[in-house]
Amino acid sequence: MTTILKHLPVGQRIGIAFSGGLDTSAALLWMRQKGAVPYAYTANLGQPDEEDYDAIPRRAMEYGAENARLIDCRKQLVAEGIAAIQCGAFHNTTGGLTYFNTTPLGRAVSGTMLVAAMKEDGVNIWGDGSTYKGNDIERFYRYGLLTNAELQIYKPWLDTDFIDELGGRHEMSEFMIACGFDYKMSVEKAYSTDSNMLGATHEAKDLEYLNSSVKIVNPIMGVKFWDESVKIPAEEVTVRFEQGHPVALNGKTFSDDVEMMLEANRIGGRHGLGMSDQIENRIIEAKSRGIYEAPGMALLHIAYERLLTGIHNEDTIEQYHAHGRQLGRLLYQGRWFDSQALMLRDSLQRWVASQITGEVTLELRRGNDYSILNTVSENLTYKPERLTMEKGDSVFSPDDRIGQLTMRNLDITDTREKLFGYAKTGLLSSSAASGVPQVENLENKGQ
């Protein structure tokens, strides 16, 4: 069976991931007019820039959908977002600022839940608005086929007939108007935005040029913290975790994770927390650039890692970071539910997150400027009395430390012998000044 259909399958049911925007509206109407039977599926991911979700399926029916469904994906999205925080599943960082993989998390959820809904309706052909140069075309492909092994893919934006007729936004707008729909193009921004309740991605157009900075972006989840005219008073906030799960903000306990994430977004958003500028490597190995917002994810991540460093030992923390980066890359590639990702997730959630219980108090200021004011946990292995310089009872004595240092003589001797061995082979040069072979100064050799 052919997995990817290059031309419209006339007379067959096609499920389209319908956003209600110009692209998917024109595609749905065009498919109906050309003889296909389109079904519209809209994912409610809690997008901060979407005002009326209920209106989207109604518009789809007006444009010719055989049926239109709104699928509430918010609970699952937040669950996956919390799992990513527990695992540190983030691999793109610049100067200490993190991209929280919010778009890949959204695709993992919508890509599986929409196809599952289509399968319920007997729809086994799926289309969406992803382009052939991006990451989403592969993410949706993987998640779709994982959910429905019989799935076939039809994308209007890969169909030359569709492209020839409606290849641009102007043509699509004219097509909608000619068909009796007063569809005006939205005002063109200097960049494109994709969002869900975990975060927002701003990219393309002017942002493709590295001399266009974050200052051209109008945040949809936060504030322009770089604008000195924007008043942002400092704010204290407490975040509580129980066994790796965020349960309370500022003393308010949440039984609904969706409401908790919305409140975390509001708190972090007031300061522009979690906004970053990243150059990343797409799945196809080409580099792209994005400006990201994730105020709630950033707030939870900071508190989680503060507790992590106070509870776990060095080797566990090292494995958390190493495996988290590996898992973040798998998530980015659309492999969040692959076996290698599940193995890493299970290990990190079972042996790391389960011990993260406690409360962190922060002072948020502008952007990513914050201070940690207090850390409290019954599981802390940070115990100041162990290392206090004040006189009193100690868990070990000076003689104990002398013995420990003496034991180091073994590996120090081995290391010294290795260094002189490297010098004999020419990898290092002998140094009379230090007595230790060193890397030769290339400047002295005129190189």
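Backbone N, Cα and C define each Cβ position, glycine as well.
Non-local neighbourhood of S19 (ATP binding site): T42, I56, G129, each in the same chain, at least six residues away, with C-beta under 8 Å from its C-beta. The ATP binding site feature in Swiss-Prot is assigned to A17, F18, S19, G20, G21, L22, D23, T24, S25, A43, G129, T131, D136, D194; the stated evidence is sequence analysis.
Per Swiss-Prot, L-citrulline binding site is recorded for Y99, N135, R139, S192, T201, E203, E280, and the stated evidence type is sequence analysis. When other Cβ atoms within 10 Å of the Cβ of E280 (L-citrulline binding site) are tallied across all protein chains shown, the result is 17.
Swiss-Prot lists T131, N135, D136 with the feature L-aspartate binding site. Around T131 (L-aspartate binding site), the C-beta neighbours below 8 angstroms that are at least 6 residues distant in the chain are I137, W157. In the three-state DSSP classification, T131 (L-aspartate binding site) falls within coil.
Looking only at Cα atoms, T201 (L-citrulline binding site) sits nearest to D136 among the binding-site residues A17, G21, D23, S25, D136.
Those residues of the chain, other than T131, N135, D136, with a C-beta within 8 angstroms of the mean position of the L-aspartate site C-beta atoms are S130, Y132, K133, G134, I137, E138, R139. In terms of local Cβ density within 10 Å, S25 ranks first among the binding-site residues S25, N135, T201. Taking every pair among A17, F18, S19, G20, G21, L22, D23, T24, S25, A43, G129, T131, D136, D194, the residues recorded as binding ATP, the greatest CA to CA distance is 19 Å. Counting neighbouring Cβ atoms within 10 Å of each of the binding-site residues (G21, G129), the lowest count belongs to G21.
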